[in-house]
Amino acid sequence: MNNRIEQLDSLRGLAALAVVLSHIPYFAFSLPYIVYRVLVWLGFNDGHSSVMLFFLLSGFVLTIPFLKRDRIYYFPYVTKRFFRIYAPYLFAIIFAIILSQTFLNREVSTIGDWNLLWNTSISAQLITDHLLFLGNYHTNAFNGVIWSLTHELRISLIFPFIVLLIKRFNWKFIILICVILSCTSELNTIYSFQESIGYNTDYFKTLQYTSFFMFGSLIAKHKKDLVGLYKKRHILFKCTLLFVSLCLFKFSSFCLYYLYEITGVELLSTHFNAIAEYGVAIGCTGIVISAISSVRLGKILLLKPLLFLGKISYSLYLLHLPIILSCIYLFKEVIPLWSISIIAIFLSFCISTIAWKLIEKPSQKVGRNLAKMIGKKKFVFSLKKKAV
């Protein structure tokens, strides 16, 4: 039985596209200021919110297969998940290493801090860290976007146990656990138990992002009830839900910043990122509920171009940044930056499509076949107990 909800594939594709656009320096350096500000307010520079949506969507789609099962077979699950995430990642990191060392320490005027992204020489320690993938390491050395995948794989390894909690306890208790996880994560902000070597790569941040996986899992568990409630509501409520959700998704950081400026409450400053991410996560929740419930929105998300974007979204996310940087270093002295941006986007789509067909799809097939070979006899735990 196919439990896939294709609208969410399109949503993931749009999120990946937002990340790509947020990394195109054309928007920051080549446009008139007023045009740039309009694009910022439309969300074209907000890749971080899109990553929060990735986490919530992962929690949702990973939960769906477990909902009608009484048992979880851990090793088959981990095998499929490993090949889903790691094989495309390995290709992307080799791709990025080759390009980064080719253009090592190149500098281009007008692109500011972008010049700092590829100034790290290759070393045995860096290679080992990137191969092991799960640690707290310098994720910005070759391909900065991989920080989120580190959390994705960490959380995936424990996700069956998260599903166990989700199925056995009610939503109020799960939300309490989410808050506790985030508060524990923020202890690191106060006491600096562990420093992130890469971008947000410390283990405490994984606790924060685990709560967003749990949000997605809760939506999956209560999907039928949520869709039923949504369909009973007036069109005005539905439009308001989507509008407010999109505003939270886009403007949580802005609102929190101005709230701090007005009130001066130090708590808002100290824990700014965590609070803003929770605002984004609440917005993501409303967006996902709308996507799976609304017939009109569903028809839009089921358009073939958006479905295709969803299919290549993982490869697009993994490969676009090295492609953008390479294009800048290759063409900056030849053509304008806006032209380079168009070329970079085009190449990102082309190479991502090839990677999806030749790397992603075969690796997923290998994972499924190995999972069948492993079988269902080892490390099994029950989900039979009813929810509280």
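Note: Cβ is positioned from N, Cα and C throughout, glycine not excepted.
According to TrEMBL, the feature domain 'Acyltransferase 3' maps to 6-356. In the predicted model, the domain 'Acyltransferase 3' (6-356) shows an average pLDDT of 92.
Positions annotated as transmembrane segment by TrEMBL: 12-35 (among others).
Same-chain residues lying 6 or more positions outside the transmembrane segment (47-67) and placing a CB less than 8 Å from one of its CB atoms are 3-5, 8, 11-12, 15-16, 18-19, 22-23, 81, 148, 151-152, 155-156, 159-160, 162-163, 166-167, 209, 212-217, 219-221, 249-250, 252, 277, 280-281, 283-285, 287-288, 383. TrEMBL lists 47-67 (among others) with the feature transmembrane segment.
Here the transmembrane segment (87-104) has Cβ contacts under 8 Å with residues 118-122, 127, 130-131, 133, 141-143, 146, 149, 314-315, 318-319, 321-322, 325-326, 329, 355, 359-360, 363, 366-367 of the same chain, all six or more residues outside its ends. Residues annotated as transmembrane segment in TrEMBL: 87-104 (among others).
Annotation comment: TrEMBL describes 145-166 (among others) as transmembrane segment. Residues 19, 51, 54-55, 58-59, 62-63, 66, 72, 74, 77-78, 81-82, 85-86, 89, 92-93, 130, 133-135, 139, 174, 177, 198-201, 203, 205-206, 209-210, 213-214, 217-218, 221, 317-318, 320-321, 381, 383 of the same chain lie 6 or more positions beyond the ends of the transmembrane segment (145-166) yet place their CB under 8 Å from a CB of it.
The transmembrane segment feature in TrEMBL is assigned to 173-191 (among others). Residues 165-166, 202, 204-208, 210-211, 214-215, 218, 270-271, 274, 278, 388 of the same chain sit 6 or more residues outside the transmembrane segment (173-191) yet have a Cβ under 8 Å from a Cβ within it.
The annotation transmembrane segment is assigned in TrEMBL to 203-220 (among others).
Here TrEMBL flags 241-260 (among others) as transmembrane segment.
According to TrEMBL, the transmembrane segment annotation covers 280-302 (among others).
Among the features that TrEMBL reports, transmembrane segment is placed at 337-359 (among others).
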Check your understanding: By Cβ distance under 8 Å, which residues at least 6 away from the ends of the transmembrane segment (241-260) in the same chain are close to it?
Key -> 41, 43, 46, 49, 53, 230, 233, 268-269, 272, 275-280, 282-287, 289-290, 294, 297
Review point. What else in the chain is close to the transmembrane segment (280-302), if you only count residues 6 or more beyond its ends and a Cβ gap under 8 Å?
Key: 5-8, 10-11, 48-49, 52-53, 56-57, 60, 211-212, 215-216, 219, 223, 226-227, 230-231, 238, 241-242, 244-250, 252
